[in-house]
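Novice: Sequence annotations record features per position, and here TrEMBL assigns transmembrane segment to A:60-80, A:87-108, A:114-135, A:142-164, A:186-207, A:232-259, A:274-292, A:304-321.
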Amino acid sequence: MVGRAAWPLLTAVLLVVGVLLSLGTGRVWLDPAVLAGSLFEPKPNLPWLILSELRMPRTVLAVLAGATLGLAGAALQGLLRNPLAEPGLLGVSPGAALGAVIAIYFGLSGSFALATPMLGIAGALAAASLTLMAGRGGTLTMILAGVAVSGLMAAGLSLALNFAPNPYAAYEMTIWLLGSLADRDWSQVLLAAPFILAGWVCLALTARDLDALTLGEAQAQSLGIDLSRTRFLALAGTALSVGAATAVTGTIGFIGLLAPHLVRPFVGHQPSRVLLPSALFGAILLLFADVATRIIPTAQEVKLGVLTSLVGTPFFFWLVARLRRMSP
Amino acid sequence: MCWGRLWFGAVAACLTVLACMTAAASSRTDGRLPDGKPQRIMSTNMCSDILLLMLVPKDRIASITYLAHDQVEVLMPGADAGVAINHGSAEEVVAQHPDLILASPWSASAMRRLAGKVRAPLIEIEAANSFDDIRRITRQVGRAVGEPGRAEVLIAEMDAKLALLDRDRPTRPIEVAAWSSGDTVPGAGTLTDEIIRRAGAVNLARRMPDASYSTFGVEELLAARPDAIMRGEDRYDGPALRDAVSEHPAIRKAYAGRRISYPASLYACGLPQSADAALQLRAALAKVPQGGVRW
């Protein structure tokens, strides 16, 4: 086991290794020396095209989306004081997915490449406002409102698939929903990045309140914490960051659930101290998962969201077993 | 093409469900055709819709599929005005009293039971994967609808165009990829492959290890360095993400002036007009800059 003092070093090493692997691997094998050398060759050349236009945006997106999921997961687990909370719980990810699917449904994505992420962000914000409006008042009402909004968004997704203009569009939507970072470009990264960063700021602002919340809602309020402000910040932060990330990548499950649990043994259970490590580990997990999708030799690239779910489910079982051991 | 198949698949799935409802029907129709020309022909296959519209006057068509309209707009605008449509459902077959049903192999077994109910002969039309297939299918439908002469005219027109293409075939063929999103890239044994070959180019997907339809992403496409990239442009196959993906900046940069758009409808359905597709492609290929990509 790594000691508490060593985790920043371990995280940094893993993050750098993940980034380098993500830049160095692909469905096409290119010698790392050639890739690095392409920077100084006359442009455009093939390795440089692949590195700058395909692998770099993909890597940046993996870091942004992974960190977003880890951070939002940690903040929501702190806010709701529930180990099973994850970014999808409040209806934000299904909202983003619905927005994006609507863009595909009406063919907007065909005429305008950024229509899918833009409508995805709009969908996430709409879903979050609905959750916030319906779930004012308490933590439990917020979870229930989130479940209701998720259900509504899922129904909308099914409706869009039901009325898909042709089977090819339905196929397109289904594939998009599986989640992937393949063949994304800089314009999509640049579109999502401001929303993601704004979301991070909102989530980071909740850190102190989350610590107080560990004592219970009444105690936190007596300490002078404005709980409705905390809830608003957490939800707005999740909507902005997770919504923007989901709008570009499609739904990617389990990272937001997994990352906080992974880091707690190293950094302790104080919510504010979990936030940053959880974000970093989310980024690391997503980077390695995305590298794995490219290395696993299948005819069709295995989709990132499918892989994270496959790998994440055993973790869920482990979590259940651990809870059972710990409960009297 | 894949989406063409998917369409047929959807019609077939629809029919299978409905056929289960009418499973009581056990009578079989034989392949015998009625004497004289059928007067109420029903087509339940998008590709035979087009053939039917070319072969017989509109007043002898009971209905064509709802999928045909967009493709008709591309191939022969206005030709389907006033023609009824069907969704391949059991009710429609019964209600429209066809005296001939054209079906795809995907829907044939389900449709056969229905055809027995309304006592209409059923013709199974396979998908065409080559110009030989197109000749065979055009003749088959021509015979079935009682217009074999008209079918021969269409085939002769097609063969004349193909002969023209073979006469002045370029000496040094360039390599192209029919890459629309990477989901499916038609390879050997597909109509797209044959059209590319007749137009005087080489299909990149033939180099790929996979069989008829392979998949590859932008990275693999760039690394394979085709001379040009073909892209299906029709709106008839509906909105889909692949247009956005095929606009990937890496491809825009690397293949400026080397992207060919093609009418996907002519590649999805094997029709006499597929020869026109090969002619158009030949013309487009001639405009691709000589020599491989610079990078």
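Each Cβ is built from the backbone N, Cα and C atoms, and glycine gets one as well.
Keep in mind it's a predicted model, so treat the numbers as computed, not measured.
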Novice: Count, for each of A:87-108, A:142-164, A:186-207, A:232-259, A:274-292, the Cβ pairs lying under 8 Å from the transmembrane segment (A:60-80), and report the range with the highest count.
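Specialist: Answer, by Cβ pair count: A:274-292.
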Novice: How about the transmembrane segment (A:142-164) and the transmembrane segment (A:186-207): do they have 3 or more C-beta pairs under 8 A, pairs 6 or more apart in sequence?
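Specialist: The transmembrane segment (A:186-207) and the transmembrane segment (A:142-164): touching, no.
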Novice: How about the transmembrane segment (A:304-321) with the transmembrane segment (A:87-108) - do they touch, taking at least 3 C-beta pairs under 8 Å (6 or more apart in sequence) as contact?
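Specialist: With fewer than 3 qualifying Cβ pairs, these stretches do not touch.
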Novice: Considering only Cβ pairs under 8 Å, which range in A:87-108, A:232-259, A:274-292 makes the most contacts with the transmembrane segment (A:114-135)?
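Specialist: Most contacts with the transmembrane segment (A:114-135): A:87-108.
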Novice: Which bits of the chain, at least 6 residues beyond where the transmembrane segment (A:87-108) starts or stops, bring a Cβ under 8 A of a Cβ in it?
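Specialist: Those are 68-69, 72-73, 76, 80, 115-128, 130-131, 142-143, 145-150, 152-154, 156-157, 160-161, 163-165, 169, 172-173, 176-177, 235, 238-239, 242-244, 246-247, 250-251, 253, 256, in sequence order.
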